[in-house]
Amino acid sequence: MLNFYGHEFSSRLLLGTAQYPSPEILRKVIDKSGTEIVTVSLRRETAGGKHSGQFWQFLKELNVTILPNTAGCYTIKEAVTTAQLARDLFKTPWIKLEVIGNPDTLQPNIFALVEAAQILNNEGFQIFAYTTDDLIVAEKLLEVGCRVIMPWCAPIGSAKGPRDTDGLRSIRAYLPDLTLVIDAGIGRPSHATIAMELGYDAILLNTAVAKSGDPVLMAEAFSKAVNAGYMAYKAGILEARDVAVPSTPIIGKAVFS
């Protein structure tokens, strides 16, 4: 079972709720994927006027766990204030903490991220920290109280898939007991499988499903891909070799003179 701050879940696929063609498509995606956790931007809820209340009511009817996020925040103050508002609105101590450093790459500002995480941890938040694939940053986030860390595998929405598998693998190796979720950059189901084969606990994605030609079918594909990668990691994956190794035994082989 997947465990986030003492709560257990069966699905290892988390989904964003933006960019879907319609709420009904989103409903079908959640049902088909089996996901139990969806992320929601507070800015969407507060900026949408009367429609924001309708969307919040729609989410409550889905019977899934809501993970609010601080998407679009560029400063510590913005992120902390947004998290506080999200806690009041969604009635949860969970927050997916994002502090963006560059508007083009959407790369996290790791310095502001660590400081904001420390502030929010002191206020009792349970933080899901969106960060890069840098081990030292992950260790610093752990030091300030983050128990779920979400390294990217590529920039948000880029669909490039895991670019630095060595970096992602080192985070898993050095932090074996920490819950790790790949967040951002996943473009195809095979990317999700690769990430899970590295030993990660879950995948969070949005664009790859929402903007596909058939979001419902793609959601099912990702669900199966995540499970396949997780099962492969647990089973023990064969190490790559530089030379051929025969798979057929030679015992009993006929000898011709």
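Keep in mind that glycine also has a Cβ here, set from the backbone N, Cα and C atoms.
Note that the structure is a prediction, hence the values are computed from the model and not measured.
Site annotation for 1-deoxy-D-xylulose 5-phosphate in Swiss-Prot covers Ala184, Gly185, Asn206, Thr207, and the matching candidate from Gly157, Gly167, Gly229, Gly236 is Gly157. Here Lys96 (active site, schiff-base intermediate with DXP) is positioned 17 angstrom away from Thr207 (1-deoxy-D-xylulose 5-phosphate binding site), judged by their C-alpha atoms.
Neighbour list (Lys96 (active site, schiff-base intermediate with DXP), Cβ cut-off 8 Å, at least 6 residues apart, same chain): Thr39, Leu67, Pro68, Asn69, Thr70, Phe128, Tyr130, Met150, Asp183.
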